[in-house]
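To start, the structure under review is shown below, and the notes come after it.
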């Protein structure tokens, strides 16, 4: 199985969640073994999508260095991971990825327009060899060996609109588009009002998030899935784990987790070489993990 990139450059413009200003986003083909590269065209600096370049995980995943950063990378990374794309360059002219509609479906549409191109080098994957878990109180994230990789996530909120939700998702590109990609980010009206008082979330609206006010959803069209909230958490996790640089061949399980716990999990996996094996995907591995590469 070969590494992939996109076949052509595609550009879109969307609103930044925090500043509320238009952001120009361009995805471009990239050569084999380069991975996912973010480029700040306004600053002329770039960052590779990898755990060591994560600089903040409060409310979003932020990558960068001393010269600059890009916030809210998890949704576009989720789409790229969902589509199994190994090498791509992402250009933005601001310090955040546009929020689009709050899900990853707009990025999926950009990838569909760009098309997927095979490269010469062999595709790589990370086989999870033993269980790795990160816990903080009752919250946890965990990966474990599995021949049919899935994401199993449980959330628990005191708000009755969300409550306790659990969803298990068997990873494949088709399942990603059908079951995960349209799930939007969500928040509470009181939190949005607080953030705006801090000059943040200026681009947030009912057009790009599910907003909850006490016991009701403010969006006129309601939810896209009955359990859209937990599905979006899986969307985020798929994006956060893509920072490992290759698809994970193993199960991911989470309870009340966060971007921060996901980041700590990626670091924990890489800390000990006994936790995983980086492999080139030959016919045997492709057959063993047939569902993920369907």
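Residue numbers in this text run from 1 along the chain shown.
Backbone N, Cα and C atoms are what each Cβ position is placed from, and that goes for glycine too.
Since we're looking at a predicted model, the values are computed, not measured.
Quick look at what Swiss-Prot annotates:
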ACT_SITE  259  active site, proton donor
BINDING   75, 232, 236  Zn(2+) binding site
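Around residue 232 (Zn(2+) binding site), taking its Cβ as the centre, 27 other Cβ atoms fall within 10 Å, counting all chains. When Cβ neighbours within 10 Å are tallied across all protein chains shown, the highest count among the recorded positions 75, 259 belongs to 75. For residue 232 (Zn(2+) binding site) paired with residue 259 (active site, proton donor), the C-alpha to C-alpha distance reads 12 Å. Apart from 75, 232, 236, the residues listed for Zn(2+), the same chain places the Cβ atoms of 74, 78, 103, 104, 183, 185, 233, 234, 235, 239 within 8 Å of the centroid of those Cβ atoms. If you measure from the Cα atom of residue 236 (Zn(2+) binding site) to that of the residue listed as 'active site, proton donor', you get 8 Å. Take the CB of residue 236 (Zn(2+) binding site) and look out to 10 A: across all protein chains shown you find 26 other CB atoms.
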